[in-house]
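For reference, Swiss-Prot has these:
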- 1-27: region 'Disordered' (REGION)
- 1-31: topological domain 'Lumenal' (TOPO_DOM)
- Asn10: N-linked glycosylation site (CARBOHYD)
- Asn20: N-linked glycosylation site (CARBOHYD)
- 32-52: transmembrane segment (TRANSMEM)
- 53-77: topological domain 'Cytoplasmic' (TOPO_DOM)
- 78-98: transmembrane segment (TRANSMEM)
- 101-121: transmembrane segment (TRANSMEM)
- 122-157: topological domain 'Cytoplasmic' (TOPO_DOM)
- 158-178: transmembrane segment (TRANSMEM)
- 182-202: transmembrane segment (TRANSMEM)
- 203-209: topological domain 'Cytoplasmic' (TOPO_DOM)
- 210-230: transmembrane segment (TRANSMEM)
- Asp219: active site (ACT_SITE)
- 231-256: topological domain 'Lumenal' (TOPO_DOM)
- 257-277: transmembrane segment (TRANSMEM)
- Asp265: active site (ACT_SITE)
- 278-290: topological domain 'Cytoplasmic' (TOPO_DOM)
- 291-311: transmembrane segment (TRANSMEM)
- 315-335: transmembrane segment (TRANSMEM)
- 336-377: topological domain 'Cytoplasmic' (TOPO_DOM)
- 345-377: region 'Disordered' (REGION)
- Ser367: phosphoserine (MOD_RES)
Amino acid sequence: MDSALSDPHNGSAEAGGPTNSTTRPPSTPEGIALAYGSLLLMALLPIFFGALRSVRCARGKNASDMPETITSRDAARFPIIASCTLLGLYLFFKIFSQEYINLLLSMYFFVLGILALSHTISPFMNKFFPASFPNRQYQLLFTQGSGENKEEIINYEFDTKDLVCLGLSSIVGVWYLLRKHWIANNLFGLAFSLNGVELLHLNNVSTGCILLGGLFIYDVFWVFGTNVMVTVAKSFEAPIKLVFPQDLLEKGLEANNFAMLGLGDVVIPGIFIALLLRFDISLKKNTHTYFYTSFAAYIFGLGLTIFIMHIFKHAQPALLYLVPACIGFPVLVALAKGEVTEMFSYEESNPKDPAAVTESKEGTEASASKGLEKKEK
């Protein structure tokens, strides 16, 4: 997981090619402000819209859009898995040719990026297609066995609009594969981030605290303790980071001196912020206090990261500042409102778990019957 915010004075990884060994001219204050302002905006968009879509996703009945629920056990293991993955990538780049590794990774993320971008733009297609558009339904079905022993391996339903989205996303994919252009990189990065915030759901606030706390330690260790994360971030030519050129004003779209923000700094706080939005809705008070508080906390934390980075002239682990802000601000609000118990007792069931679904239905029916009994009395 790439989670470091790069230091423009120490050089950034280039999304369009290998790192330039020659000394680059210093970026102008205007260029730096534009770059980091754009990174901040790009980070906020998938968090805001991903959180809104996560609410519809939790209520939806489409099996292909069911969220993946992260439990406390998953959260505790995640920093260990992320560390092993990061160290493995670092060793691969040290042992094998960087060119061949990035070629394989490019093909892998080419496919993933097309699917993620297609899923991202699909909801907007209804606004662009006329009502008379022939939207035909399709089904991709793979089964194993026959008769009573037949099992579904793949059962995917889609329509003509989904095929149009796939075609448009493929154009971006080919552009990225051939040019590694920073705009194509960002389109894929934004799609990955939005899909992550939308489809990855924490089951409760305690799990969110475990996940963010573990990755807080992970981020600090791998950025300050070693050069592993920064090395991987600069070597890894894949859309796992948002980038923006600091020399855009001088070189236009061919600019190549990039500031970057890892997708982990967007998705990890983003899924916690999305959880707080769903908690707000569960309170049924027609306010989104905790969502807006955590959203403002994210802006504060990322802004502080950028400020500290320029003071110390060193790449910063953004989660060092984002985690205390995104957890601390909402908890302080909950303390002030006397809703700490409600916040930490809020629980989301896994929609893919039949037992949880049954339990949820039984709970709903019980609540409804109690409500009827009260009305009769």
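Each residue, glycine too, has its Cβ placed from N, Cα and C.
Comparing 78-98, 101-121, 158-178, 257-277 for CB pairs under 8 angstroms to the transmembrane segment (32-52), the maximum falls on 257-277. Geometry remark: Asp219 (active site) versus Asp265 (active site), CA distance 10 Å.
Between the transmembrane segment (210-230) and the transmembrane segment (78-98) there are at least 3 Cβ pairs closer than 8 Å, counting only pairs 6 or more residues apart in sequence, which means the two stretches are in contact. Beyond its flanks by at least six residues, the transmembrane segment (158-178) meets 106-107, 110-111, 113-115, 117-119, 121-122, 125-126, 129, 133-140, 184-185, 187-188, 239 of its own chain at Cβ-Cβ distances under 8 Å.
Most buried of the active-site residues Asp219, Asp265, judged by other Cβ atoms within 10 Å, is Asp265. Taken through DSSP, the topological domain 'Lumenal' (231-256) splits into 12 helix, 5 strand, 9 coil. Cβ atoms under 8 Å from those of the transmembrane segment (291-311) belong to residues 5, 7, 32, 36, 40, 43-44, 47-48, 51, 265, 269, 272-273, 276-277, 280, 318, 320-326, 328-330, 333 of the same chain, restricted to positions at least 6 beyond its ends. Counting same-chain residues at least six beyond the ends of the topological domain 'Cytoplasmic' (203-209), those with a Cβ under 8 angstroms from any Cβ of the stretch are 69-72, 74-75, 271-272, 275-276, 279, 327, 343-344, 346-350.
Taken through DSSP, the topological domain 'Cytoplasmic' (203-209) splits into 5 helix, 1 strand, 1 coil. In the three-state DSSP scheme, Asp219 (active site) falls into the helix class. Remote same-chain residues near the topological domain 'Cytoplasmic' (278-290) are listed as 54-55, 58, 201, 205, 330, 333-334, 337, 339, 342-343, 346, 348 (criterion: CB distance under 8 Å, separation of at least six residues from the stretch ends). Same-chain residues lying 6+ beyond the ends of the transmembrane segment (101-121) with a Cβ under 8 Å from its Cβ atoms: 92-93, 162, 165-166, 168-170, 172-173, 176-177, 180, 187-188, 190-192, 194-195, 235-240.
According to its DSSP assignment, Asp265 (active site) is helical.
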